[in-house]
Amino acid sequence: MYGSRDPGSSASMADQGSASGYLNGKKPPAFTWEVRANDRNYHLQFKKKFAFYLTKKKYAGNAIKTAKYNILTFLPLNLYEQLHRMANVYFLFVILLQTFPEISTLPWYTLLFPLSCLLTIRGLRDLIDDIGRHQSDRKINSRPCEILSGKRFHWQKWRDICVGDIVRLRKENFVPADMLLLWSSEPSSLCYVETADIDGETNLKFRQALLVTHQELVSEESMAAFDGKVICEEPNSRMHSFTGTLEWKGEMYSLDSERILLRGCKIRNTDVCYGLVIYAGFDSKIMRNCGKIKRKKTKLDHMMDRLVIIIFLVLLLISLCLAIASGFWARRFQEKHSYLSTLYKHTTPVKQAFFNFWGFTILLSIIVPMSMYITFEFIYLVNSFFINWDLEMYYAIKDIPAKARSTSLNDQLGQIEYIFSDKTGTLTQNIMSFKKCCINGTIYAGMGMGHENKQPSRSGLTWSHRADKKLEFYDPVLLEAVQQDTDPVLREFLRLLALCHTVMVEENDNQLVYQAASPDEEALVLAARNLGYVFLARTQDTITISELGVKRTYKVLAMLDFNSDRKRMSVLVRDPEGTIRLYTKGADTVILERLHRQGPNETVTEMALDHFAAETLRTLCLASKVVSEADYSKWSRRYHEASVLLQDRARELDKVYEEMEQNLQLLGATAIEDKLQDGVPETIQLLKLGNIKVWVLTGDKQETATNIGYACKLLTDDMEILEEKEISEILEAYWVSNNNLSGSGEALCSSRLFQQCPEASRHKKRALIINGDFLDKILHTGEVLKNGRERLGQWLACFKATGSQEQGSLVEKAFVDLATSCQAVICCRVTPKQKSLIVQLVKKHKNAITLAIGDGANDVNMIKTADIGVGISGLEGMQAVQCSDYALAQFRYLQRLLLVHGRWAYLRICKFLRYFFYKTFAGLMAQVWFSFHSGFTAQPLYEGWFLALYNVFYTAYPVFSMGLLEQDVSAKKSLEFPELYVIGQRDELFNYRIFGMTLLHGVSTSLASFYIALWAFEDRVGSKVVGDYESFAITVATSAFLSVIVEIIMDTKFWTALSFLMVTASVLFFCLFSFLTQNIHAFKIAPAIFRFPDASKNALTDPYILLIVLLSLVVNTIPSLTIRLYRTIMGKTTIQQKIRLKTKREPEPSVELHAHIRRGSFHRRSSYAFSHKEGYAGLITRGDSLRVKGTRSTVLSLLHQETTPASSSFHVPSA
């Protein structure tokens, strides 16, 4: 969290002065980063080692490079990456074997061609992705900026910025590097920034320059002469902290994060500012949080790599056995037939066995065919097009379709177990809307946008020209009550909304423009404006408002600032009649306990708060009181004494505030809606039913994130919320019990984790809410436990003795076990790097498939780390989309992406793999059986053309259509029954057991096809006395081919025209190529290539052969039919049967946005509507944030007088 300044401090800028006493004139040993202003040569002389003895510049340039390849590195690096796939290594090995003519069965280039095609397809895909990254880098690096060069500012590119440069920024500019703020056009050199790309928040934050630079650097000449030296910490990823000093003119000044503008921030409400570049390019904090591009592989990819190794080892074992058998057979044959010894003069049985080993290896290598991987790529590509073409995921309002940016991860979309989501811009729209209020016991509920036809009734009002036409809240009853102006409580309620805030106002083209530190504040002020109480202006000690058209000015006596402990803010004013009034707004839990008395109106208000909270609205209680002159005089003295304290100022001020904020009179309550994206609650409900856990990782504060958790139904009222205290106690107890164990088993330790929970809570639904600071402590070797009780001192000594790395890993695992046992997890105030770390921990300790979804640069690291990264095309730019695997316009489309496309893709790929392996084993394992009857030689059973075309034309198309279009249920049913998604999470459709069954099925099919034909051919009978080797090969091939086709037909669940076409095409191709490759004329032209003249014609026209084929087909089909019949009889229901059974049951209740269980006030969750940090009240009361009249026009006129950017001048605004 950003640091904050004590409110009301009269010495707020004095503490920016000389820090030499604190620093003792010495540079702290950790501060090794030295930056000298306007001195590029100084920084160029420093080098640092980065690999072996190579060095590079210590101070990075500002150009960034997120692309992986360049012209020189693409080919070698991409090939290196592709050879990490075991299948490619396997194919390359087989090609190398084919280069030896003694053992070659096919020319080596015939295998090199398909491998080259495969590598080219994947290489082009990687190249296209990388070109997109190059274009993005070029666009960012070419952004214009003004850099001080010599004595003038010149327009240059972001990539030209160096450490030590002074850069000028204007309103709406993005900050190009991490910079020390030197001066701004705002009073006291304040600079307002929006950090949406860093922490997802769009509310404004302020930075402030040092007093010395604000006063001294007042012209371009003084900027050019500035020679200060910044000494600070080395570049790091800590987004919310900075420690350093500025040395200038013999003095040293302390620096913190309040002085730093981070790369990626946007300058808002500040005309011009100047900064000194501290960290550039990849040294900047946001880039340090971005992480590296990782090559992602699916779970099935990893399994396929292992299967290839297993298959290759089995293949080598089979080849070795057959080679040994061939050696024995050759020796026995030579002994038995010695008259043929001249044929074996130049060989021996051992040599023959050696060559046969490699011959079998090559012959059987087609069990893992290259065509499978090429078909793989096409299936992935087409399924990606299906995602791109899905109109259900097309966002018509902004014309944004879904886009599959990666084409090789589709099946993993069907196996997601954890979703890590950003909040702002992903779950919410970050738009606050005033929805309801309760005033003096009366509830007013806005009628919303459906009643614009009643809006013209405002036209007769005196304040109608000030009203915000876009405000959705409209209640005619409340409007009438305001016009009558007879209710003093209503008057005070609206007056409070117009007075008690830190909003700044400007007038632009006769329109009031509010600049709020948070969208909540703006929503309340706009609501008051639409109801006739218009905030017009403020000075350091006054606020001017218009009350029903009458202008009134209130003197501000004190502003009692908000902070996260107080959970409220107050303003003490003297009205035009001279009465002193205190107006307070804050969380219900703190306001209600400070009331003077409890009456009927308070009871109604509490009921209203219950009602508002049940609708997941962000609530505030409003109260006021009249303060006597005597009480104010006494309190004012104590307030002044506390505000000038040098020690414990904040604590003493809180005590003084507490004295004033007592005996309040309740005015009412407000309810603000933090608008969710459309369909978010329904989507999260569906995902939870699909056994997918959703974690929210946000940079926002805890109260806001918790409220959104309830709004989107991630949190429910019956959940037990675990926060810091409970988590510490559970982990502490776990740690102590773990260290008392003998270390015999980590599983035992993990099982004891939840024994630490109270008995009553063990069976309840639980949610875990944690912030970034606490997470850091947990993950840094159990540091959080050091804050526990003193009895842990003994444990800490033990911890140091046992090795921190192992113990730290146990704490990580304990935390992950605890978090994953909860139904919901919300992590607040986390940095981009922490988001990535959380994803890594779940992947590491749970071996789970993860998905990260976000819309800003602060989500990039998380998106890169997760197995699947989804970018939302939102308001925060396209950084997340550019680094993502899939791009969506709305969070709600995630349900269709996973539950429909993901599940279908997983189903299709699994069936494709299963049947590709089945058809390969069924057709080609006959080579092994044939070797037992061919003297264990590596002679092929089949014609060479059959081997070449079997996996390309004969059997590929039906399997290909299955991989493209197969469905078990429709898209509608997939969404109605999200429980079906569990199949992919459990790897039920393709695993080692399924592969083993597929192997046995294929082997049994090949055995039946081979030995039924062999048994029939032993009699050598038939109408044409067919009994030769060629006819036998054709019979076995036809039996295996038709068995495979029938098996695929039986298991296809979703038939389309393409499915029929593919099956028909396979049979026709088999007939066509058999005729072409076995044509007698082709044999005459090239007998060495076309070796089976008229074999199919002779064999397949013989009724006897056809009966053999039919018998083999029946025998091969019976096991599949038997298994299906067994499952039906024994009650093992299919998916469709499960759906029909569930449909007959009572339907699930629909997802609603309103809670049905009413909460009592004693356990109402407080979802108060504050989202800005403390410190703004102090800025206002000191006048730091207020422009003196004429200041802005002077600055603007000076800026407009510049003829060219390169020769612009720089002046201090007039006072």
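Placed from the backbone N, Cα and C atoms, the Cβ positions cover glycine too.
Computed from a predicted structure; not experimentally measured.
Sequence annotations record features per position, and here TrEMBL assigns coiled coil to 643-670. The average pLDDT computed over the coiled coil (643-670) stands at 88.
The compositional bias 'Polar residues' annotation in TrEMBL covers 7-21.
Annotation source TrEMBL lists domain 'P-type ATPase N-terminal' at 48-111.
Per TrEMBL, domain 'P-type ATPase C-terminal' is recorded for 881-1130.
For 1-21, the entry in TrEMBL reads region 'Disordered'.
TrEMBL lists 83-100 (among others) with the feature transmembrane segment. When Cβ-Cβ distances below 8 Å are used as the criterion, the transmembrane segment (83-100) is approached by residues 106-108, 111-112, 115, 118-119, 295, 301, 304-306, 308-309, 312, 358, 361-362, 365, 368, 370, 373 of the same chain, each at least six residues removed from its ends.
If you look up TrEMBL, you'll see 307-330 (among others) marked as transmembrane segment.
Under the heading transmembrane segment, TrEMBL lists 357-382 (among others).
Annotation source TrEMBL lists transmembrane segment at 944-965 (among others).
Taken from TrEMBL, the feature transmembrane segment applies to 994-1017 (among others). For the transmembrane segment (994-1017), the list of distant contacts is 307, 910, 914, 917-926, 929-930, 933, 1027, 1031-1032, 1035-1036, 1039-1040, 1043-1044, 1047, 1104, 1108, 1111-1112, 1115-1116, 1119: same-chain residues at least six beyond its ends, Cβ to Cβ under 8 Å.
Positions annotated as transmembrane segment by TrEMBL: 1029-1050 (among others).
The feature transmembrane segment is assigned by TrEMBL to 1057-1076 (among others).
What TrEMBL lists as transmembrane segment is 1104-1126 (among others). Counting only same-chain residues 6+ beyond the ends of the transmembrane segment (1104-1126), those with a CB under 8 A from a CB of the stretch are 922, 1001, 1004-1005, 1008-1009, 1012-1013, 1016, 1021-1023, 1026, 1031, 1034-1035, 1038-1040, 1042-1043, 1046-1047, 1050-1051, 1132.
Per DSSP, the secondary structure of the domain 'P-type ATPase N-terminal' (48-111) breaks down as 26 helix, 8 strand, 30 coil. Ranked by number of Cβ pairs under 8 Å to the transmembrane segment (1057-1076), the listed stretches 357-382, 944-965, 1029-1050 are led by 944-965. Non-local neighbours of the transmembrane segment (944-965) in the same chain are 106, 110, 366, 369, 371-372, 375, 378-379, 382-383, 908-909, 911-912, 915-916, 919-920, 923-924, 1033, 1037, 1041, 1044-1045, 1048-1049, 1052, 1054, 1056, 1058-1059, 1061-1063, 1065-1066, 1069-1070, 1073, 1077, 1089-1092; each lies 6+ residues outside the stretch with a CB under 8 Å from one of its CB atoms.
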